[in-house]
Structure formats: C-alpha cells, structure tokens
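Trainee: Below you will find the structure I want to go over with you.
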Amino acid sequence: MAAIRDYKTALDLTKSLPRPDGLSVQELMDSKIRGGLAYNDFLILPGLVDFASSEVSLQTKLTRNITLNIPLVSSPMDTVTESEMATFMALLDGIGFIHHNCTPEDQADMVRRVKNYENGFINNPIVISPTTTVGEAKSMKEKYGFAGFPVTADGKRNAKLVGAITSRDIQFVEDNSLLVQDVMTKNPVTGAQGITLSEGNEILKKIKKGRLLVVDEKGNLVSMLSRTDLMKNQKYPLASKSANTKQLLWGASIGTMDADKERLRLLVKAGLDVVILDSSQGNSIFQLNMIKWIKETFPDLEIIAGNVVTKEQAANLIAAGADGLRIGMGTGSICITQKVMACGRPQGTAVYNVCEFANQFGVPCMADGGVQKHWSYYYQSFGSWFFYCYDGWYVGRYYRITR
C-alpha cells in the first residue's frame, strides 16, 4: 500500500502532474483530431471560484466601437424583432435588430419608434403657435400621444418662446375655439443653452414639471428635456444608448442587393446605429461589395457581416471592413441549410475558430443559433469574446421580456 501523503502537499502534487485534468480549449477544438463539435458534444470542467458574483462584468463589445452591458441581442426575424422588442432589448442593456422582411418605409418607421422612445436633449421638439385653438391642441395630443408643447411666437422651432401648454391646461376646457395663448402657462421655467444633460435633469427634479425648455440668450427655443425620460433613466440605468444623442441603441438588417442601398439610406436617416448584413453565406462578392460601399457612403456606420463558420470566410469580411461578425450556418431554430445543402459546421467548433481568428484583429463576434437550453450560453462563452444572437429561444419568452 502506497504511503499516505501529507495533506499540506496536495497543491504541490498537482503541479508535478504531467498534465492537468481534461483538455485545453485548443486541444478540444482541434478539427484535425475531432472534426466538428456541437455544444452538447462536450462539458466544461469546473475550476476555483475566487471572486464574488457581484464582481462579474458582462460588458462586451458588439462591434469595434459599440459596447453593451450584456452580451445579448435579438435576431432580425419578423417573428422576433420589431420596434417593441428592439425597445425593450435596449432598455434591458442589450440591443435588437429590426428585420427587413417588410418595405423600407415600414422598417424605417419601426426604427423611429425605438429612437423616439427615449431622448436626451430633444433638438426638434413639436411646437405650436399662440393662435392655435384648444381643439387643435387636443387633436395634436391624440396624434402624437402627448399633450405638452412649447409655444413659440410664430409656431416654429428656434423662435421666441412665449409659453408652454400641457394636458392640465386644456383638460377641462370645454370651449375648443379658445386660443392657446388664453390658457397656456406663461413664463415657464427654462434652462440656458449650453447646460449639460445632467444639469438639465437636476433642474427637472427641482421644478417638478413635465418638461424643461432650453433657450438661447435671446429667448429663442433651442431644445427640450422630458421628465418621462428622466424616469426611464431611473428605471433602466444601464440601458443601451447612443453616446451622442442619448437615445436608445438599435440595429437593423438589410440584404446585399443594390435595392438594399436605398433601404439603408432611409434607415440611416432614421438614426441607424449598426447594421447587420443578413445572409446565410456571408463570404460572397455581393456582401464584400456592400461592405465597401457602406464604408465609402456612411463611414461612421458600424457593420456586422456574416454569416460565417470558417477563418477564411472571416478573413475576407474583416479585410473588406466589417466591424463585427455573425457566426453560424444551419444551426438556427428554423434553419435547414445543413440538411438541404449539406453545408455548414457544428456551432461549437465554428464559434471557437472564427472568434480565435477575429480577436487578433479586434473584431467582435456573435453566435447566431444553436441555443436550445440555457446551458448553451456557457458553451458559447468559453475562451471567446462575442455576443449571443437569439431567435426562436426569445419568441417563447417575448411577453416575459417586454411586459
């Protein structure tokens, strides 16, 4: 019988072992030895937990220049992401990509709904004239969904501010022929042009009003802050927002045909933050040309290209200017590419190989498809830097997320 070792030497013994338990990620994902692995083809060995869960940060790069607080996005499918899902994905620290299975105008309209849900400084507020009737003001409430409007001397933006009208001013007025100037709040509290967003929010807290109107030195209306946006900030402090406008971040998908160029123009005009080039095979001359055109036409727009499953595919898209990659072929909830075309790659191997390559160029990746159970997240995240793009998994949880 072997001698019993001193328990104090247990750690020293592990250091002298020829190799640690299990396989390294490089050994596990060696395609020459193991071919391709799906998520349920392996398990992750446990290790030492020497930190509290509160110390864990899920902050992850979506693209070269966009960072979110959670590594979750919703897929650009017509059964998954429209304006409501995109709004709540952004509020809950992720991002949603609005599908393009609709007219360009309808897609741009969905985009505007997301963008208008929350604002920083509202630089193009809807204003009315002092000679507008109460009846017309009530109609504007029904049209826009709110009843608070700045009143300027000529009813135009960037004109002399003469008052403000709210729902309280007109709620009990029965004579709809009265003019706004007869019922409006005169001399509303204002902020001076140049105040910061945080300074403006502090004023809103003190005055306990629905809006803060910002004017220049001549008293002309410049912009506006809304109390409802302040309340949204308190409820969703980590919401995904544009660094410039403080509006919610959102993305959208387009195809790679010439007709998609005009669609993209409409989306950019509506405030697009990041675009997905939606294709099951991203390594095509059509997508490469589209990436180059976008970079020339809209150099500040972030592009997520794909889908890819190999390093060679990734290399072409990175060289063309992609700011992020989407990984997966035949692994989505309704995708049948592998069965019909005998083309694709098991998602575990695809994710590791593409991420390992793309990370060398600072290009983040997202795994698209293959999530069947909650533990699939852990498989996706080992040794890699990327997001999870969910489609069918989200559909059954839609009301839980958005309600």
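Residue numbering: from 1, along the chain as shown.
Keep in mind that glycine also has a Cβ here, set from the backbone N, Cα and C atoms.
Relevant sequence annotations retrieved from Swiss-Prot are reproduced here:
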- Cys335: active site, thioimidate intermediate (ACT_SITE)
- Asp278, Ser279, Ser280, Gly328, Met329, Gly330: NAD(+) binding site (BINDING)
- Gly330, Gly332, Cys335: K(+) binding site (BINDING)
- Ser333, Asp368, Gly369, Gly370: IMP binding site (BINDING)
- 121-183: domain 'CBS 1' (DOMAIN)
- 184-240: domain 'CBS 2' (DOMAIN)
Trainee: In terms of DSSP three-state secondary structure, what is the assignment for Met329 (NAD(+) binding site)?
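Mentor: SS state of Met329 (NAD(+) binding site) = coil.
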Trainee: Do me a favour and check the Cα-Cα span between Gly328 (NAD(+) binding site) and Asp368 (IMP binding site); whole Å is fine.
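Mentor: Counting only the Cα atoms, the answer is 5 Å.
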Trainee: Compute the average pLDDT of the predicted model within the domain 'CBS 1' (121-183).
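Mentor: The predicted confidence over the domain 'CBS 1' (121-183), as a mean pLDDT, is 88.
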Trainee: Note down the number of other Cβ atoms within 10 Å of the Cβ of Asp368 (IMP binding site), including every protein chain shown.
Mentor: 31
Trainee: Let me make sure I understand the structure: which of the binding-site residues listed (Ser279, Ser280) has the fewest other Cβ atoms within 10 A of its Cβ?
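Mentor: Result for the binding-site residues Ser279, Ser280: minimum number of other Cβ atoms within 10 Å at Ser280.
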Trainee: Suppose we draw a 10 Å sphere around the Cβ of Gly369 (IMP binding site). How many other Cβ atoms does it contain, all chains included?
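Mentor: Total other Cβ atoms inside 10 Å, all chains included: 25.
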Trainee: Have a look around Asp278 (NAD(+) binding site) and count the other CB atoms within 10 A of its CB, chains all included.
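Mentor: Here the count is 25.
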Trainee: So, in DSSP terms, is Gly369 (IMP binding site) helix, strand, or coil?
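Mentor: In three-state terms, Gly369 (IMP binding site) counts as coil.
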Trainee: Calculate the distance in Å between the alpha carbons (Cα) of Asp278 (NAD(+) binding site) and Asp368 (IMP binding site), and round it to a whole number.
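Mentor: Spelling it out, the Cα of Asp278 (NAD(+) binding site) and the Cα of Asp368 (IMP binding site) are 11 Å apart.
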Trainee: Cα-Cα separation of Met329 (NAD(+) binding site) and Asp368 (IMP binding site), in Å?
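Mentor: About 8 Å separate the Cα atoms of these two residues.
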Trainee: For the domain 'CBS 1' (121-183), jot down how many residues DSSP puts in helix, in strand and in coil.
Mentor: 19 helix, 14 strand, 30 coil
Trainee: Any idea what the Cα distance is from Gly369 (IMP binding site) over to Ser280 (NAD(+) binding site), rounded to a whole Å?
Mentor: 12
